[in-house]
Structures are given as structure tokens and as C-alpha cells.
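Notes follow once the structure below has been shown.
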Amino acid sequence: MDRAIDIDFRTISVVGLGYIGLPTATVLASRQREVIGVDINQHAVDTINQGRIHIVEPDLDMLVRAAVSQGYLRATTEPEPADAFLIAVPTPFLDNKQPDLSYIEAAARAIAPVLKRGDLVVLESTSPVGATEQLSDWLSAQRPDLSFPHQQGEESDIRVAHCPERVLPGHVLRELVENDRIIGGMTPKCSEAAQRLYELFVRGRCIVTDARTAEMCKLTENAFRDVNIAFANELSMICDEIGVNVWELISVANRHPRVNILQPGPGVGGHCIAVDPWFIVDAAPESARLIRTAREVNDAKPHYVLDRVKQAARRFKEPVIACFGLSFKANIDDLRESPAIEIVQTMVQQQLGTVLVVEPHIKVLPAALQGVELLNAEAALSRADIVVLLVDHQQFRKLDTDRLQSRVVIDTRGMWSAKRIAA
């Protein structure tokens, strides 16, 4: 019988136990498979083995506690033999906007010694086109006794595929199960093996393609969103110049049946939309002109917000600035590539005034924000001359906007402004 069809995936290893890896490992464990989570962060490993979590994601704590107590999930810092390996490590970009694949290479070096004939390796990390082939090459360099798809094609000992995550923070557990998945194997048998694995827990469609198309698919999805956000952000700056309320404008423009303008903000953050388009630009710099421009527009938006804060600060002798929200999107604790972090950090560096932060989803400010106070909303409002809304957390919607009347308000998300329009 074909090895791909015969594979049973009794033991599955997930390398990288962050915002994607840990929920994926937990969902697999809930299907009563033995799951070995691997992470270089000893604190994360210890926390998980105690049945607790080191990240914020709704309902994840209960599932991890159950999976660990039932013996289906455990974490370690060193890879162990398994039937399938899912790599979910970061893929940031370097200072020159080129992709940094060092985490993927490190994962390949870590799992290579425990690979055996018939194993499946899946790259889940969002990656530039060609990264899955590079992963196969790195693995083969460590294990010349095994054959890999870029060498032996369908007859390889090890199957290698790419299956990018496509989940929304705050809804990860539901979307891991319900969303369609794009599965791109380096060969048809690689795709078949990966499809078998994901069908253990995915209720959505598993759509099979090749590895390069799967890689480009995820980049395309995020570049599409980035371009549309850039349109909204640019529109907000134009409206400020010509004296039009952008929130009201978007609301009425979206009444057109074929118009759906997104909401502007202080920039674009997170580990996907703020990063992935650069992978396309790096691969085809002369052709990716619109994608590059969208990235530049969104990267420039924090500076635009800062200019507005500077103008407001000139009205006060010793301004106190309260910044509401630090995460890259609403209702999560993830600060990766957050424009709010950049804005607050620059306020401190440029000494615009006393800077306060309200971020209900974290207990300690990042080291980059030394000199900033973390307060609750009431304490911050009682001291603030200027209030800057950077993230539209649900908690901030409950704020009595009458409390803002005597303060300068810079609402980058339209949350309080929209309430006033509706009223």
C-alpha cells in the first residue's frame, strides 16, 4: 500500500508553541493524538506542562488544561520522533525588508536528527515563495541517509508540504477547525499525506495545490488586505486636509452595493499583514509597485498620527498624553509589529510629554516603553490633557464619552467619533 495512504499520524510534533503553534497542537491533542510541542522558550514549555498557557486566546486555557491532564499534550525544548512535524515559527523580515528564514532553518536543524522514513514535515509559517523547497534542502543536508522531494520526487522517504495558517487572533480555535485550508505539497504524494493530517481536525475544505502556489496564496491574501487598508488610511489623511469626517464618509460610501471601504487606523501591525507583502516585493521588486506603495502608506501612518499629537501637545505647557491600546488589533494581547508601540515609543523618545498607556490585555509594558505608566482607563483619563485612541478594544466602547469633552481627542479608529455621529 502507498506509504502516504498507510500513514496513521499517531504522534505529531508541533515546533513553535506561539499564537499559532499552541492552538494547533491543542486541537490535534483534542482528537486524541499524542502531540509533542517543541519550543526553545523554557518558560513556555514549563507553563504548558502545568496545563496553563503563556498567551491570550479565548478558551485555549481550558483546552490546554484538558489535553495535558489527559496525557495527549506535552511540551519539550528538544524534538522527539514523531510521524508528522508541523513547523510554526516566526518569519520576520530583516532591516532591508528581505525575509528572515533563520527560524525555519533552526527548526529544520532541530528536527532532522529524529526524522525517519515515511515522516511528513509541514511548514505552516507564512513564507516567501520557495521556502518549502529550501526547508527540504536544509533537512536533506542534515540527513543524507534519507531522500527528500527535491531529490527523489514521489519516491522520497520524507514528505514535505506547505499549509499556511489563516486564522484571526481572538477566534483561532474556531477558525482552525472551520476555515478552508490550502495544502501545497512538493509532490502529489506530499499533498496527499498533508491532507490526511489536516483532515483529522479541519471541517472546512482542504484544497490541494503545489507548494509554491500555497506559499503565494497566503502572501496574496494579506497583500490584498494591506492594499485595501492603505486606501482607507490614505483616504483618512485626505479627509483631514479637506475638512471631511472620514468615518461618516465611509459609512455613506459603503451604502453603494459594490463598495466596501475598510476602516482606517494608526497603521498596520501583526505578524502577517505588516510583513507578508514585503515577501512579494522582495521576489518581484519591479512588478510589485502597488503592493510596495500600499506598504509605504501604511508604514507612514504612525508618523501622521504622531504629527497630530505634536500639534495638540503644543497647546499645553506640560502635556499629559493617555494612549488607549497597544496591541496590533482589538481584544488581544499580541503586540507584534504594532503601530501603537511605535507611536508610544516615539512620543517618549521625542519627549512630547508625560505618556500614559491603557492596555487591559497586558500586565507589564514591554521593555521598549521604559518611562511609560500602565494605568486603567479611569486613572489615565483623570490625568490626561490629550487622549489618543490607538486600538478599539471592546472595553473602550463602554467609556463615557462625556468624560472626553474637556480633552483633546485623537481617535484613530473612529470608535468614539462614530458614536457621536450615530447620536
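Cβ coordinates come from backbone N, Cα and C, glycine included.
The NAD(+) binding site annotation in Swiss-Prot covers 11-28. The active site, proton donor/acceptor annotation in Swiss-Prot covers LYS218. Taken from Swiss-Prot, the feature active site, nucleophile applies to CYS272.
Annotated features, which come from Swiss-Prot, shown on the structure.
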residue: THR11; record: NAD(+) binding site; CB count, 10 Å: 14
residue: VAL14; record: NAD(+) binding site; CB count, 10 Å: 29
residue: LEU17; record: NAD(+) binding site; CB count, 10 Å: 27
residue: ILE20; record: NAD(+) binding site; CB count, 10 Å: 24
residue: PRO23; record: NAD(+) binding site; CB count, 10 Å: 26
residue: THR26; record: NAD(+) binding site; CB count, 10 Å: 31
residue: LYS218; record: active site, proton donor/acceptor; CB count, 10 Å: 23
residue: CYS272; record: active site, nucleophile; CB count, 10 Å: 25
Integer Cα-Cα distance in angstrom, VAL14 (NAD(+) binding site) to the residue listed as 'active site, proton donor/acceptor':
20
Fill in the CA-CA distance, LEU17 (NAD(+) binding site) to the residue listed as 'active site, nucleophile', as an integer in Å.
17
Per DSSP, VAL14 (NAD(+) binding site) is which: helix, strand or coil?
strand
Cα-Cα distance linking THR11 (NAD(+) binding site) and the residue listed as 'active site, proton donor/acceptor', given in Å to the nearest integer:
27
Inter-residue Cα distance where the pair is the residue listed as 'active site, nucleophile' and THR11 (NAD(+) binding site), in Å:
29
